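Asker: These came from TrEMBL, pasted as-is:
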| type | residues | note |
| --- | --- | --- |
| COMPBIAS | 381-397 | compositional bias 'Acidic residues' |
| DOMAIN | 1-53 | domain 'SPX' |
| REGION | 376-403 | region 'Disordered' |
| TRANSMEM | 158-176 | transmembrane segment |
| TRANSMEM | 188-211 | transmembrane segment |
| TRANSMEM | 223-240 | transmembrane segment |
| TRANSMEM | 246-264 | transmembrane segment |
| TRANSMEM | 285-307 | transmembrane segment |
| TRANSMEM | 319-337 | transmembrane segment |
| TRANSMEM | 422-447 | transmembrane segment |
| TRANSMEM | 453-473 | transmembrane segment |
| TRANSMEM | 485-504 | transmembrane segment |
| TRANSMEM | 510-534 | transmembrane segment |
| TRANSMEM | 584-605 | transmembrane segment |
Amino acid sequence: MSQISELREAYRAVGRDLLKLLFFVEINAIGLRKILKKFDKRFGYRFTNYYVKTRANHPYSQLQQVFKHVGIGAVVGAVSRNLHELQNRQGSYLSIYDQPALPLQDPVVDSIRAAVDRLTHSTNFLNFLAQHALIMQDELPTPIEEQVDDQKYHFMSLLLNLANTFLYMVNTYIVVPTADDYSLSLGAAATVCGIVIGAMAVAQVFSSVYFSAWSNKSYFQPLVFSSIALLVGNTLYALAYDFNSIVVLLIGRLCCGLGSARAVNRRYISDCVPLKIRMQASAAFVSASALGMACGPALAGLLQTNFRIYKLTFNQDTLPGWVMAVAWLIYLIWLCISFKEPSHDFEENQVPRESNSEAVQDDALEEGLKQPLLVSSEDKQQDEDSERECDESEEASEESRHPATSIRSAYRLLTPSVKVQLLIYFMLKYVMEILLSESSVVTTYYFHWSTSTVAIFLASLGLTVLPVNIVVGNYISNMFEDRQILLASEIVVCIGILLSFHIINPYSVPQYVCSGLIMFVSAEVLEGVNLALLSRVMSSRLSRGTYNGGLLSTEAGTIARVIADGTITLAGYLGESRLLNVTLLPSLFICISSIVATCLTYNSLY
């Protein structure tokens, strides 16, 4: 067993050496690409195409090492095969073909293949979808950290985490088709639906922070609190009809927002899911959100009934609250029975540091043996100064590895390109919220759509999320650079906004549906590419801790939703006839601003 363990570590060492080689080649490829871009810019001629075309297939050109990876594939296959056989060895085999191929087990091979994909600019649907979660990956873990991850991992707990994500998204969008009717039934204007929908986002701005901090100590407790808050909030939302109180309605939605545990959902995947399946778990997190976004309006369209039990009214306005209250009650019971709280010890992080410190001490000892026994006062002063400088540099490097401790410190870590990409994220969430939240009011005013028709329209938009990501992840992202897709998507969003304006009478259904589809689909493409770029350029200090990159992106998107819903309500004072154009003007302004910012930082986004 000891020999097998040593041999396995030797194979892993070979994998790490190959990974370092790939990083070296990747750095050279990026440097070559930047140099060729400078030539193109200075000469005003597409020199890059000529250079690559004439050198790529030349027998003495080293560009072949960048473009062709047949040898790397053979090494990866041998390393992965032998690692798997050593890990699960149950007997000898006459041939490697006697045992069927099994899924990859070792994370070092995953890292190598990811490096090859980055080098060739290739990606796939699973990678592209997983990047939507913005769960930033750390460096390759040590075997001790992998063992701890395996001990923390519990499949049923992960499933409950994903179920919380799905139910919360259903809860967010199930009220959209009926929010305007509910407001009218309580004596308010139809455009108050913006406040009703946005109240949940207002509370989420604050809940994301304390849930992220709470997840440092526990995952089970915040999930229980989230379920109880959503159970109470949906019950108040349903009872507001019989109380005839818009205040109770808003309090119910605020309680629902206080139960937003998306920060915990994302943090659980980052901390408690092993690296070898973390990408799949991240993709499942995004898929659960997209499915909940589509199921919410669809479920609201099915709840078209009206009856009373005792003094409680059950109709299309109150049934979304009652249905979600029952769903959260069932989830709470399931959570208490099946969730397993992972351990929160961090001893594994101390082991590598101790080993590193021992290595430093050994190096210092060897260096000390080479020094003369007697030194002059000037040499001694120089040694003290050098030691002081080394200590300061070590403290600075150690501080640079610490996570951000506040929103302000996290903001200081943002580079200009990251700020631009957060602005893009803000813009696309604002545009999508305007489109979704005011859909019931706009379609009722212009087209006299029923609640079922609005629900079908919103559900159809939600169902486009996964197909669009399949096309972009498998095809478009392999044909164009991310920054090109980013800029093109922003321009298409701007075109969709322009097509949505009510300029020509009459305002037709095809114009509204087509422009809304263009806006929504292009915003979905923009979100995936933007988050992919954001995960690459964001500081590694924002990959962990309370104030991480996922929290910053969540806050940016949530604030955008709050402002968008507030815009709908304020624009309602001008009348429903002006609602569409008035709400589209800020969307157009923010979109043009993001396009200008992208063009100004075009070179730094890649």
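Positions of Cβ are set from backbone N, Cα and C atoms, glycine also.
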Asker: Under 8 Å between C-beta atoms and at least six residues away from its ends: which parts of the chain pack against the transmembrane segment (158-176)?
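Answerer: Long-range Cβ neighbours of the transmembrane segment (158-176): 182, 196-197, 200, 219, 223, 226-227, 230, 234, 237, 253, 256, 259-262, 264-265, 268-269, 272-273, 281, 284-285, 288-293, 295-297, 299-300, 320-321, 323-324, 327-328, 331, 334-335, 338-339, 436-437, 439-440, 454, 458, 462.
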Asker: Test of understanding: applying the rule of at least three C-beta pairs under 8 Å (pairs 6 or more apart in sequence), is the transmembrane segment (453-473) touching the transmembrane segment (285-307)?
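Answerer: Result for the transmembrane segment (285-307) with the transmembrane segment (453-473) is yes.
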Asker: Does the transmembrane segment (188-211) reach the transmembrane segment (246-264), going by 3 or more CB pairs under 8 Å (6 or more apart in sequence)?
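Answerer: Yes, the transmembrane segment (188-211) contacts the transmembrane segment (246-264).
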Asker: How about long-range neighbours of the transmembrane segment (485-504): same chain, 6 or more residues beyond its ends, C-beta under 8 Å?
Answerer: 424, 427-428, 431, 446, 472, 476-477, 511-512, 514-516, 518-519, 522-523, 525-526, 529-530, 533, 580-581, 584, 587-588, 591-592, 594-595, 598-599, 602, 605
Asker: To the transmembrane segment (584-605), which of 223-240, 246-264, 422-447, 510-534 is linked by the most Cβ pairs under 8 Å?
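Answerer: When the Cβ pairs under 8 Å are tallied, 422-447 comes out ahead.
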Asker: Which stretch, 223-240, 319-337, 422-447, 453-473, 510-534, tops the Cβ pairs under 8 Å count with the transmembrane segment (246-264)?
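Answerer: Looking only at 223-240, 319-337, 422-447, 453-473, 510-534, the most contacts with the transmembrane segment (246-264) come from 223-240.
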Asker: Excluding the flanking five residues on each side, which residues at least 6 beyond the ends of the transmembrane segment (319-337) place their CB within less than 8 Å of a CB in that stretch?
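Answerer: Distant Cβ neighbours of the transmembrane segment (319-337) are 160, 163-164, 167, 170-171, 174-175, 178, 220, 223-224, 227-228, 230-231, 234-239, 252, 299-300, 303, 305.
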Asker: Does the transmembrane segment (422-447) make contact with the transmembrane segment (223-240) through 3 or more Cβ pairs under 8 Å, each pair 6 or more apart in sequence?
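Answerer: Answer no, regions not in contact.
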Asker: Do any residues, 6 or more residues outside the transmembrane segment (510-534), come within under 8 Å Cβ-to-Cβ of it, and if so which ones?
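Answerer: Hits for the transmembrane segment (510-534): 128-129, 131-132, 134, 418, 421-422, 424-425, 428, 431-432, 435, 439, 442-443, 446-447, 457, 461, 464-465, 468-469, 472-473, 476-477, 482-483, 485-486, 489-490, 492-493, 495-497, 499-500, 549, 553, 605-606.
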Asker: For the domain 'SPX' (1-53), what does DSSP give as the number of helix, strand and coil residues?
Answerer: 49 helix, 0 strand, 4 coil
Asker: Cβ under 8 Å, sequence separation of at least 6 from the ends of the transmembrane segment (453-473): give me the contacting residues as numbers and ranges.
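Answerer: For the transmembrane segment (453-473), the far contacts come to 123-129, 132, 173, 176-177, 287, 290, 293-298, 300-302, 436, 439-440, 443-444, 485, 513, 516-517, 520-521, 524-525, 528-529.
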